[in-house]
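Annotations for this protein, taken from Swiss-Prot, read as follows:
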- Ser162: active site (ACT_SITE)
- Asp260: active site (ACT_SITE)
- His290: active site (ACT_SITE)
- Thr2: N-acetylthreonine (MOD_RES)
Amino acid sequence: MTEPTVARPDIDPVLKMLLDTFPVTFTAADGVEVARARLRQLKTPPELLPELRIEERTVGYDGLTDIPVRVYWPPVVRDNLPVVVYYHGGGWSLGGLDTHDPVARAHAVGAQAIVVSVDYRLAPEHPYPAGIDDSWAALRWVGENAAELGGDPSRIAVAGDSAGGNISAVMAQLARDVGGPPLVFQLLWYPTTMADLSLPSFTENADAPILDRDVIDAFLAWYVPGLDISDHTMLPTTLAPGNADLSGLPPAFIGTAEHDPLRDDGACYAELLTAAGVSVELSNEPTMVHGYVNFALVVPAAAEATGRGLAALKRALHA
């Protein structure tokens, strides 16, 4: 007798209504500038943003200079605050300090921490590994200058969404391997870590909102032009961190979305971390789509999902 199919939950109705009203989809044929413009259309009403002390800086390390960052201080400022280095999403090709300003603010408030949001160089103008190089230089700068910001250099975490989750995972490995600042936590929102496009969620959610398979292919073509990714196990660990030795990495929270092509990628990375002895919490959000952290201020279910990751980050930083 055939087992009955268990229907998965639908997309949260408030989120679905928002996506239907303000579609942000694009195709590879549209090109990167159209994609960037569509992402910039997602704006949070200013009155919903928490008022924080914010400072623009240009940082650098070891020959890499002129990396823009935006520093956020939490509502209650005290000495030796923990520091979160945040890497925005957007397929390594879109986004920046402004598109992810609400997200950075949420991390400063939710984690009660200083947040340094990094404006790394984007593809296709600057393909891999330019963004990784900038991100690493910014993390090294934070490690050496945390005290000047009022931060505690012994309590630094990385966080990022989507491509920024990929970068955060890479940064955690580099910090372990290349003598970077010791990290206490990694918060990975719907990251891409495996580059294994054969995972079931890439087919199951091939036409999902926000991020579909066509968009994924465009991002990869812009970020790693001409690279054969058919054998994901042969990719460098700074592109596919799931290929690395994962032992000795900091604890992690991985947030995934049921209606997201990257869902199984995050789940696989969580399994690999666990097998390597790393403490990891995986939270798959059954009614969410890719990018839900960006909707936390306007969609209650997205706020609840985001809150789970921020709570884990806060616990790790204030243990």
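Any Cβ shown, glycine's included, is placed from N, Cα and C.
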Between Asp260 (active site) and His290 (active site), how many Å separate their Cα atoms?
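Just about 5 Å between their Cα atoms.
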Which residues of the same chain, at least 6 positions away in sequence, have a Cβ lying under 8 Å from the Cβ of Ser162 (active site)?
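Set apart from Ser162 (active site) by at least 6 residues yet with Cβ under 8 Å, we have Gly89, Gly90, Gly91, Trp189, Tyr190, Pro191, Thr192, Leu211, Leu262, His290, Gly291.
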